[in-house]
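A quick write-up on the structure given underneath.
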Ligand SMILES: *[C@@H]1O[C@H](CO)[C@@H](O)[C@H](O)[C@H]1NC(C)=O
Ligand SMILES: *[C@@H]1O[C@H](CO)[C@@H](O)[C@H](O)[C@H]1NC(C)=O
Ligand SMILES: *[C@@H]1O[C@H](CO)[C@@H](O)[C@H](O)[C@H]1NC(C)=O
Ligand SMILES: *[C@@H]1O[C@H](CO)[C@@H](O)[C@H](O)[C@H]1NC(C)=O
């Protein structure tokens, strides 16, 4: 029978013959077929034989449209205010734009047949194992960590309301994994396994429990590792503590790594803060501050930029502002604190707000010469028009730039004052007993900041006065490197002349790599055990000469080649600048590539896929990987 006559059979015959061949191939490859017709409305995860449906469909092959009532219910659970928004294409965006291999249907990727995954980046190879962006020539980077991402059912992952995520860190991280080449498609080759659930509210613990049950049943790696080297990014206020409330889940996740904003290791009696951070496993990540907020607070014209001294307004250049600056809420109950009575807040509701630190600093120092502690902060109610609201922000940013020290207390849980201070170039004064700051202990906050014990708050002024000008100068110069670790520059663009090499996502990857390579080493010993991590935390590439280190850390576009070790890293002459700059100091500088795209806040809150590092790329595979 010739091919021609073969095709002349009835359509049904042809279809069933083709299906038979396909089934045979799939069976040989060890894959599981999806229910027939799945790809008409959904995406077939060919590895698992799972048919993923858009938000508004159900049934084994997504053949049924949800009733209005059922849709409403589902959407509410997913965090949408109405089902119209929930299924509107305009209000939802898809991970990586579905990698150009499918249609984005209200946040869900309906992948072209043969491709699958939450962003359609997967397909099966001839050996039956999943490949990543095979048609684009994706290759994992040579240097670890190799991170595998579990493909969870959409209800646990992409169905969630991404637009409502005020803390989109986990989604951004997913995109950076692809862009940096840290992502691997085969869990057998991974150093780490990432569970891509949103962990924002206490209720999300349920999603995690569901995800763990799912992956333990279908994949071998959790049982093989006993949960070690599995991680989530949990951006909830109180980190692991919010999920630990269920004892069973707490036990199950014992060996897992929580990457969180919250490094609290103590139970407090004055608040509901319970120990959350586990030193052996967990990592504190800086808060992701949105580009809009960074701009409003003046970070795009911060002191860490090498051009600051030449280009900043004269009145800002000298630090003639307050010795210590803080502006913001003092009382958990929103009352204005009194100055004559302790406790100084109107009620003891939420008296543990900020661990009581803001209240104590205000009470002891509100009138001290040189200290500026403004208990009203930037309050929309106080600023009836947008203009005055912007003026308040400008004033706030100006204070960050001109003050010598900036108080960096906690808030309801983790704060972000410490990050704001560091990014603006103000030496952060951290007061939070028993709470690890971002990347501690890999980053030593006492080198560029000042850690003060809560018991020492009454003599805070003496502690700051005892810091010599030389020591202060050393802190300021170290702040430039630390700030790079605390910023998500590869996403938001460069704003201190940095290349993005040492940004927060890169730092997270570097810490994960070092932890995987030295499984028995306690966090405090990791920098000693791993020379590359040690150099990285000082914004140097291991093996680079001093001059090269300086350029590598400071200049966007210098490309490092080589892998450290005994042979020195070679630094090329400037290659085309990789990461564009959003700094006001770089505007109009023809030697610097400035970012062309403006964030479209309505369509996609955080700019192009995987951030501005990939701004000039057609897709994530083409995103520059200057460091790996
Ligand atoms: C992993 O272990 C659990 C019980 O501890 C078991 O139910 C599950 O089937 C195991 N998973 C795999 C893939 O073998
Ligand atoms: C955690 O890891 C240890 C071994 O390192 C293992 O004995 C224990 O069972 C693991 N815990 C869980 C909940 O899997
Ligand atoms: C905190 O309290 C919980 C329960 O009350 C207890 O299990 C835990 O060991 C305490 N942790 C620390 C670090 O004291
Ligand atoms: C965890 O690390 C912090 C900071 O280094 C330390 O104060 C604390 O005692 C450690 N906790 C445990 C349980 O080792």
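Glycine residues also receive a Cβ, built from the backbone N, Cα and C atoms like all the rest.
TrEMBL does not curate its annotations; it predicts them automatically.
Not measured: the values here are computed from a predicted model.
A strand conformation is recorded for residue 44 (disulfide bond) in the three-state DSSP classification. Look at TrEMBL and you will find 34-44 (among others) tagged as disulfide bond.
According to TrEMBL, the feature disulfide bond maps to 53-62 (among others). Less than 8 angstroms from the CB of residue 53 (disulfide bond) sit 41, 42, 59, 62, 108, 154, each of them six or more residues away in the same chain.
The domain 'EGF-like' annotation in TrEMBL covers 30-63. Across all of the domain 'EGF-like' (30-63), the predicted model scores a mean pLDDT of 93.
Under the heading signal peptide, TrEMBL lists 1-31.
Non-local neighbours of the domain 'EGF-like' (30-63) in the same chain are 19, 22-23, 70-71, 74-75, 78, 86-87, 102, 105-111, 113-114, 116-117, 120, 122-124, 128, 130, 151, 153-154, 159, 218; each lies 6+ residues outside the stretch with a CB under 8 Å from one of its CB atoms. Long-range neighbours of residue 44 (disulfide bond) (same chain, six or more residues apart, CB within less than 8 Å of its CB): 34, 38, 50, 51, 52, 113, 116. Of all Cβ atoms in the protein chains displayed, 23 besides its own lie within 10 Å of the Cβ of residue 34 (disulfide bond). For residue 62 (disulfide bond), the Cβ neighbour count at a 10 Å cut-off comes to 24, with all displayed protein chains included.
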